[in-house]
Amino acid sequence: MQVDSKEIDAFLVELLTKVGKFLREDSIKKMSVATKKNRNDLVTNFDKKTEQYINGKIKDAYPEATIVSEEGYGDLVKDMSGLVFFVDPIDGTMNFVKRGDNFASMIGAYIDGEPLNGAIIDVMSNEIYHGGKEIGLFINDRKIDNPKNLPLVEGLVDVSAPMALANKFAVQDVIKKSSGFRVYGSAGIIFGHLLTGKEVMYMSYLAPWDLAAGRVMCEAAGMSVVSIDGAPINMLESQVVIVGTQKVVSEALKTLKAR
Ligand code: IPD
Ligand code: CA
Ligand code: CA
């Protein structure tokens, strides 16, 4: 299948610009909140509405593509052949509900299993991180440079709160070797920090839609994205993932007790 990464990039930026405007303007008015797997796993009418909107636009523009998405409006995708979009309509729903900031909307595109395009909007700051290996990386219209390959001792690290609290895989040993520990509650917001060199590592248990867009862009920026057991990333499964500078990821893998 012939795909044009630049064209997909323009499509994703236009789409997330509209999504951002709608979420900033409408969400405060008519939000209804329900729980999914547990009392802290929230879903709102805006998660659902936004996913339906994004998926509809993708199907109009790329009818041959398949969609993996969080809230159930996507396809049952069994393999990564062809053009596959991953959609997380609102990433950081807890922040969306409780704080009204630090939430994102994310779309990743893969072709025959290869990372192609990523786009993440930090909704309240209206900044869209987007691009890929072929076209480079941008925040809105501004091209960005790759972050420095800093070691653990020189950077801040993000670990999901449950993992850090439970000291999963002895992750606190990694945290202690770093400059400090941060928790934001949105994978999308953290990918923005990694891409701009504000933090050097993120470790979390991520579903395909949590990871897809950030993986495309972090790999394009020269960072490493690995599964904790060293196995290749499977984009159709949830897994514990470490994303960071090459130096930090290799140090983390040596420190973590994963097996
Ligand atoms: C969640 C956030 C959170 C991460 C969770 C995700 P959601 O996404 O990204 O930071 O730790 O694993 O599920 O549910 O708000 O889209
Ligand atoms: Ca979500
Ligand atoms: Ca998410």
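Glycine is treated like the rest: Cβ placed from N, Cα and C.
ASP210 (Mg(2+) 1 binding site) has a Cβ environment of 23 other Cβ atoms inside 10 Å. For GLU70, ASP88, ASP91, ASP210, the entry in TrEMBL reads Mg(2+) 1 binding site.
ILE90 (Mg(2+) 2 binding site) falls within a strand segment according to DSSP. Annotation source TrEMBL lists Mg(2+) 2 binding site at ILE90.
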Measure from the Cβ of ASP91 (Mg(2+) 1 binding site) and count the other Cβ atoms within 10 Å, all protein chains considered.
-> 28
Quick one: which residues besides GLU70, ASP88, ASP91, ASP210 have a Cβ within 8 Å of the Mg(2+) 1 site's Cβ centroid, in sequence order?
-> VAL87, PRO89, ILE90, MET106, ALA187, GLY188, ALA207, TRP209
Which one of the binding-site residues (GLU70, ASP88) has its C-beta surrounded by the most other C-beta atoms within 10 angstroms?
-> ASP88
Under 8 Å by Cβ from ILE90 (Mg(2+) 2 binding site), counting only residues of that chain that are 6 or more apart | LEU23, THR44, PHE46, ASP47, THR50, PHE96, PHE103, ALA104, SER105
What three-state class does DSSP give GLU70 (Mg(2+) 1 binding site)?
-> coil
